[in-house]
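Here the structure is laid out as structure tokens; the discussion comes afterwards.
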Amino acid sequence: MAVNDREFHLKELDPVLMKDWEIAEKAEDFLKPVKVLAMELGLTEDEIIPHGKYIAKVDFAGVLARLKDRPNGKYIDVTAITPTPLGEGKSTTTMGLVQGLGKLGKKVTGAIRQPSSGPTFNIKGSAAGGGLSQCLPLSPFSLGLTGDIDAVTNSHNLAMVALQARLQHEANNTDEFLSSRHLTRLDIDPSRVEMKWAMDFCAQSLREIIMGIGGKTDGYRMPSGFGISVSSEVMAILSVFTSLSDLRERMGKIIVAYRKNDEPVTTADLEVDGAMTALLLRAVNPNLLQTIEGQPVFVHAGPFANIAIGQSSIVADRLALKLADYHVTESGFGADIGFEKFWNIKCRLSGLKPDCAVIVVTARALKMHGGGPKVTPGAPLDPAYTTPNTKLVEKGCQNMLAHIQTVKTAGINPVVCINHFAADTHEEIDIIRRTAEQAEARVAVSHHWAKGGDGATELAEAVTDACNEPNNFHFLYPENMPLKKRIETIARKVYGANGVSYTPIAMEKLARIESMGDTQFMPTCMVKTHLSLSHDPALKGRPSGFTLPIRDILTYMGAGLVVPVAGDIKLMPGTSSDPNFKRIDVDTQTGKVKGLF
């Protein structure tokens, strides 16, 4: 379909009157076939593996080998202020910015994470964007895509199967019998199993379970539980690996438990790492989709930012930067967690340097941070959020200033994107603009939800200006900074804490990690709530004077991350009383899914 025809049809879509899934359904009638999209991007026919008409896997290794001497395009990260539980439109802004850069005639790509079934069927939705700034096709994107998260789940759970089988066989059999089966007794301490099972749903009743309650042949009885698949170390590995050989090596380093002599038990010790890698073989290549206006979007990996690394894959960004002049990637939640991990983990491991960071701001979130009433998903918004209130906005700007400071600490040029909502007033917008500009950030008001790329040209122009200015990108901490000092640096300089406290188990693990040589110098992946700069989701605005409580420290040797856990956050979220799955259904006449967003 010609560009003019596509634009004509887009003008018929009204996000005020239509739901996201209705817009997506209409827009999918004039998507580019993925082979056309790939050709426009500069991919050859043998570099794509089509999955239907509109989705393809891309052979990242082949493309990177072919384009190894081509310079990278401009690298842009989209982050946000601390959101309300409803989200502030970061994925929508990512799609809108990609479309806006397209309107300026730029060769542009985007990269976002694959949505987890947990939030898709729970509260937050599928993270495809919204209105006239979406990633399409919506139903496949939201409902498993090409099976990458399923592959991660199966790979992770295979390690647990191997561990459980080994515990059972060692408990039931003599050393002589084990030797006849070519097994050496590992003498695993069942009280020190580091892994749980994985499931890609929000299932709070599975956080803590007892397993193996049958007889001698029914497994090994022990406490266990489930985490959501996107919190798995295997998912983190999919985000950070750089080649198939790198992936294979990492899969053998995952620590699943400890022996009674305090030695770690790895997936390689269980001889399951090769099979785990085999399960991921088709998942290693990024997925190619498109915006509602036909720009290419890579979708790969799906870790949350509050309980995991929160980034799409390194290989997707490397691939896109060779193919486009501008590449827009997204990091999860606010700059305190998603951008901080993009900055100090993803960029450190990839060697890539960003040119600009976009901070998504809404008047709604600033009102919440300024002391507005509680925002509850599924409940009507308090009138404070839909009527003018400049005092709440002005007070809430302190949260925005904290995130601007975080981006500037990285030496990157910040662009504040005011994601415009219908209830916003000129006075509220002026306060946000003036405050951000006084903090030496560029500012753009964007209407991409309502107008698509046409509504994002001001943002796109601000981003290109920022990309063309020199920056002084640098990491928050050097690689050789001791772990305890590194945790305190993140807590003080990014979260605004006064200090850090540790539970006894966290102190014990800290001492063990610090005795493990280079392990303590692996990048630090903090786990904490996304609903506050602090560990406490009730503390809004720009809290100060608090101590960050570290309750546990996990070691992800395969991903190469040390993971301190702050506060009461869970690795398995819960399903709400009014989940999205109640509104999702299938039109039996057309076979199309309705109710997604």
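If you go along the chain as it appears here, the first residue is 1 and each next one adds 1.
Just so it is clear, glycine is given a Cβ too, placed from its N, Cα and C backbone atoms.
Around the Cβ of S91 (ATP binding site), the same chain contributes I112, A127, A128, G129, G130, C135, E330, each under 8 angstroms and 6 or more positions distant in sequence. S91 (ATP binding site) carries a helical DSSP state (H, G or I). Taken from Swiss-Prot, the feature ATP binding site covers T84, P85, L86, G87, E88, G89, K90, S91, and the record attributes it to sequence analysis.
The Cβ of P85 has fewer other Cβ atoms within 10 Å than any other of the binding-site residues P85, G87, G89. Taking the mean position of the Cβ atoms of T84, P85, L86, G87, E88, G89, K90, S91 as the ATP site, the remaining residues of that chain whose Cβ falls within 8 Å of it are A80, P83, K124, T362, A365. Counting only same-chain residues at least 6 apart in sequence, those with a Cβ under 8 Å from the Cβ of K90 (ATP binding site) are V78, T79, A80, P83, E330, F333, V360.
Counting other Cβ atoms within 10 Å of each Cβ, the lowest count among the binding-site residues T84, L86, E88 belongs to L86.
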